[in-house]
Every structure is written in structure tokens, then in C-alpha cells.
């Protein structure tokens, strides 16, 4: 056990985690040069296309130093804020972490968030300054930043270039000499934490575990403590990006895959504890938090008969991504669909894209919302994720909305833009700190609802892409909120309702109906598009009717003849207007998302 090192790589997006992982894998010879591809740890197509890591991946590396053979378990983590729970999960199973910082960009908001998770887990952190081959690289400035913001001693920081391979050997030596070996006891009852699980079409549900004490062998009967179920171990493997390597036992300190031949991944939930059924543990491994969805949106199939296909697709996707929650819902406008909970906006995009790609579905997504708490006049508390669940106005005492604590790091020249943006989004400043003469760290409390739409894009565009942003949920606060409904031809379209602050309702309503007017196709009758709060109409636009020239067949002659025809047409239009139905195109639902 003294020759095992468990470590993960933490970094902000685009600071070169996956490339560094590639170099370490190559240096240790875990994958032959012929099989090597760039970002080998990113297995999903979406990951490679977007250049992001979504699922944490593991690999077991062998490395010899001073005549001794060492086993290095590398766990690659995502960098994006939506997937930070993947990070906390990965770090819970390590003794050390490589903090990778781009030598030209410096410390970013995400870097700080991930470091705090690592420090809470008492990990040994090795600062790694990456991309030193870039012309704009300034390792000395970056070391100062790490010391100033995070307070880590950077005298032993290692400078590498993952692209060219400079400094990789020194890094491997540092991992072995500075990260402590796992401490566990093989003679104690078996204690293993499931820190990832996924579904394999041939082997069933697989659990990736970190063994703390004892050991697990093939054919053992094990107990999954969360479910209380017993299973036989069919196979054990070490993770490897090309093909896992089989083994007979996993003992204390090791990381490996347990094959139990289960049909359902919910039997091996992430964060659960595995122990031997003949000599079980008294207490499961603690300190592990489940991922809670923050953002909710309705997903509906465009072809209504594909509802069951969507249910199957969500069931299968949940096997690999336990953080999704979903329940069926119906909408007058869109038919049958699901209310799906996500970790954040990027997660929502990725899930929708995976459903459309991997399961060949066409979906409509409604505007994302957060969970509100409603206190009714009769004292009852409700939690709602869908604006249409809001009780009537006279029954509401107050509405509470979730707030987040946001950390933003930006070049100081954009400070004015950012403060304006945050004030428009009802942000409350709690801290402002100059890291260096030209970079500022801001902390704000912001309603979650204000960042769930397009905040990230607006932040990037108002700072030319230089600002970085991270958030964590904080608390619920009373808000001055109302429900804004949209009526088309007198019918309320439930899928377009949103909850907004009263101060913004008027402008939001006006923008809403303007955008809708451009999209609703012209009918043979006039269509009124209205925005309302309760029974009060606050904005209206009219889509003019298409005219048919009924007087074309009259040549000259009496004006009363023409008037009679026009009156008759008017009557007909009135009747049509009373019973006419308007079909809304898909863009109508998307336009709601675009309104600022």
C-alpha cells in the first residue's frame, strides 16, 4: 500500500487538465503510442467537440522511481461550475491533487472553488503551472497570484508544458514524493466508497470504488449499505481508458471497478458504501453529498407519440448521470412531457443534446426555472418548480426565491461593465478585492433566477471573455415576485408563463409580446397577444389579419354592393376570431429564452 498514490487534477476550464492527463498516461506507458488520442480521458463526443470534461474518468498508471514500482491512480475531474459535484466526489477518494493553472491566464474563479473543496478534504495540493511554452506565459506572476489569493506556498510549484512534455518527469516524481500514501488496514472490515457508477450494455451496472479498509475479492458476497441489498462480485477491474484490466482482488488504498451484474444503476448509487456481508461495517462512509438539481425545465417531444421514447431515454441517461431528476407533466400547449431537474445551464444543454443525439429525439425545452418556496395565507408551505403550479394571488402570503453566492474574477478595466450587469440582475455586493493592480475579485449575492438564463454569456460579452465566474447556493430570501402569463387569441399559453420580479414585469411583458408578434404566423383573423399579471393586462400587440380582396369581382358599379361584400367579410372574420385556433411555432418558446 505504501507504493500507491491517489490523486486528481483540478483546474479551471481550458487550463489544460485533459492534455496534462494525456501526457502522464503517455509517460507511464498505460496506453501505447498507437492507441493514444488527444483528450483520451474525454470519452463522449460532446466532450471532445466542446473541449470540456463532463464525466470524471479514472486511470491506473504504473511508474518506476529509484528502483521501486509505484501505482498512481489518476482521477480526471471536470472544470465547469455545473459539474463541481463530480469534482467533490472525485476528491473524496484521493490523498492529493494537482492544482493546474494556466501560466498566461492566472488564477480563475473555478480554480478557487475547487481548491477549497480539496482543502476541506485535507488533500496535499501540488501547484502546477501549465502552458509555459506560450509566449504570454508569466509563471512568476501566476505563483504570486496563487500565494496571494489561495495562500498556497508556491516555492515548490512545478512548471510544465503539457503540450510539449516539458517538466512531466519532475511532476511524476513530485506526485510520488509529496502526496502521502493511502492509510488503510487490510485486516479491518471492508469499507469502500462508490464514487462513480455507470451502465455498460454487456456487464450491467458498474461501480467505481475506492477501498479504504479491508479487501474485495471475486465471488465475495458484498452488502451495499444504502439499499441493504446483497450481491455477488462477478468481476474486478482496474480502470484504463482503452480497456479495463482484470484483477482478482482490490485491497485497501486501491481504486477499481466492481462488476455485480445488476440491471439497475440505482442499486449502486454514487456515495454509497460497500462492505462484506459476513463482517459488515457499523457505519457507512460519511461526508458525501448528493447532487441537488438547481434548474428545472420542461422537455417535450415535438412528435407527441414519442413520449414513451423520451421516458426510456431519460431512464437510460440517468444510469450514467445520477444527478438528473425528472417527473411527467402535461401542458395544454405542448402535450405530454417531463419536468427535468439539472445542475445548471450547461448541464441542461448537454443533457438535451445527448437525448437528441444518442436517442434520436426532437425536443422542445421550456424556459428554465428554479425552485421557489411559497408561503400561503393559510400557513402552508409549497415548493414549486413550474410557474403554472403557483396558487392564485389572493392565497399567497409571500414567495421566497433561492440566492447564490457568486465569485467573479475580472480584469479591472471591465469592472464598470460587470457592476452594471450585476446591479441589473439584483445582485448585492459583499466583497471586492484587488488581487493584483489589474485584476479584481468580486463576491455577490444574486437570485438564482437571474443567472439561470443567459448571465454567463452576458458576463463573457461584457468583459471580452476575460472574466470567470463560479457560484454556490446560499439561502432563500423573500422576493417581490409575480407570475407573468402570455395569452394568444385569449388563451393562456401555460408553457410560456414565467415568474419575474414585479419591478421588471412591465418591461418584460412588453418585450415578450413584441418578440411574439414577430413569430406568430398571420391568420385570416386578427390575433391579440397579451401579457398579463393575474387579471390585469399589462402589454398587448396585435397580429394583423391577412386580407382577401372580396371586391375584386365588382367592376365599377354601385358602392353599396362593395360595402355589402366587405360587411359580410367582417362578419365572417368575427366568427373565425371567436373560434379560431393559433398554432405556435417552436421559435415562440425559444424567443422567451432570448429576452433580456
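Cβ atoms here come from the backbone N, Cα and C positions, even for glycine.
Record features (Swiss-Prot):
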type    : residues                                   : note
BINDING : 14, 15, 16, 17, 18, 19, 130, 131, 132, 133 : GTP binding site
DOMAIN  : 2-183                                      : domain 'tr-type G'
| Secondary-structure category, per DSSP, in which residue 18 (GTP binding site) falls | helix
| message | Suppose we draw a 10 Å sphere around the Cβ of residue 16 (GTP binding site). How many other Cβ atoms does it contain, all chains included? | response | 24
| To what whole number does the mean pLDDT across the domain 'tr-type G' (2-183) round? | 74
| message | Using CB atoms and a 10 A radius, I'd like the single residue among the binding-site residues 18, 130 with the highest neighbour count. | response | 130
| query | Can you name the residues of this chain that are 6 or more positions from residue 132 (GTP binding site) yet have a C-beta less than 8 Å from its C-beta? | reply | 103, 139, 159, 160, 161, 166, 167
| said: Tell me the coarse DSSP state (helix, strand, coil) of residue 132 (GTP binding site). | reply: coil
